[in-house]
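Contents: one structure, followed by commentary.
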Amino acid sequence: MAGRTARLVLLAGAAALASGSQGDREPVYRDCVHRCEERNCSGGALRHFRSRQPIYMSLAGWTCQDDCKYECMWVTVGLYLKEGHKVPQFHGKWPFSRFLFFQEPASAMASFLNGLASLVMLCRYYTSVPASSPMYPTCVAFAWVSLNAWFWSTVFHTKDTDLTEKMDYFCASTVILHSVYLCCVRTVGLQHPAVVSAFRALLLLMLTAHVSYLSLVRFDYGYNLAANVAIGLVNVVWWLAWCLRNQHRLPHVRKCMVVVLLLQGLSLLELLDFPPFFWVLDAHAIWHISTIPVHVLFFRWVLLAAQWAPCLCPSSLASWRRLRPLCTVHPLLACPCSPPRGAFKARPQRAPPSAHSFLKDDSLYLLKESETKFKLD
């Protein structure tokens, strides 16, 4: 979905700062980390640290070095505030107050709730839309791809590592490309399935090349951002153009326009880059929180799109016969299109045998059975 794309495109932008920030370049921060690791992260001190560390912290992957960086970050922030300077960033992130094992509690919880909202609406889609709907496989696949992306977003905001960072960005790119594929199927593919098959192969090739380059050659944040923004803009323009073209013929596409424009507007929250309130709530977290109810709007449009599927006016006889059962599912939606020639061709039917022939056959069977019984007696 175009709106979903806007929410995930800008995830790549934050990574452009991850190579270094003002806070982690400070000598006081580096000296603090170095002395902390020497004092606590080797020999008996390390064993003592591990014996005192809560089990949930070790299971989440928090190490002695991570704790040193966390403590020294707050030492540096305190010095900055004491001297009247602005709060610095560390490794491309604002300083967050850790809660349990969550590195960014608000963003992690918001990502989890986004995924939960997607799951609830997917279950509703399962129960409301018949599997014979033309968009059913594509919408279900897109929902699962989105759920996977929100899962890795939650993991990434819980603990930032090289693996969780890459999975978060790769899954975001997958959602963007699948949103383009969903748009292609909805606008073109129901009438021209061959075009969709070729376009799907192209998108899979693009995703493979994108992930291979970032994994095997170089993890280039600038390239990743440019690629996602380019595909995202194509997606947004495509959705809006289709909505504007069909808003009079299909009134439900106005909900699609609302979702796209709303999420594009919410994505501007990313431009409000400020230190987190109470060291928990920053612009990125507010952005994720604001997108939770939009999933409901998006899936409501998807449900309406499934109900209006019979009105897509398929040109081929095979497509018409495939879409015709949906008219019985939603009889209130009258299809304005006339069926192709030969769509309702009558088929010859064999007349069932009469009741008299059944009685005659049964009588013969009973007569033969009685004769056999008489001979045995």
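Heads up, the Cβ atoms here are built off N, Cα and C, so glycines get one too.
Curation does not apply to TrEMBL; its annotations are automatic.
What TrEMBL records for 1-23 is signal peptide.
Per TrEMBL, transmembrane segment is recorded for 106-123 (among others).
The transmembrane segment feature in TrEMBL is assigned to 135-155 (among others). Cβ atoms under 8 Å from those of the transmembrane segment (135-155) belong to residues 1, 4, 8, 11, 108, 111-112, 114-115, 118-119, 121-122, 125-126, 129, 164, 167-168, 171-172, 174-175, 178-179, 181-182, 185-186, 190, 288, 302, 305-306, 309 of the same chain, restricted to positions at least 6 beyond its ends.
The transmembrane segment annotation in TrEMBL covers 167-189 (among others).
What TrEMBL lists as transmembrane segment is 201-219 (among others).
Marked as transmembrane segment by TrEMBL: 225-244 (among others).
Annotation source TrEMBL lists transmembrane segment at 256-279 (among others).
Here TrEMBL flags 285-306 (among others) as transmembrane segment.
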Review point. What residues in the same chain, six or more past the boundaries of the transmembrane segment (106-123), come closer than 8 Å to it by Cβ-Cβ distance?
Key: 140, 143-144, 146-147, 150-151, 153-154, 157-158, 276, 280-282, 284-285, 288-289, 291-293, 295-296, 298-299
Exercise for review: Mind pulling out the one from 167-189, 201-219, 285-306 with the most Cβ pairs under 8 angstroms to the transmembrane segment (225-244)?
Suggested key: 167-189
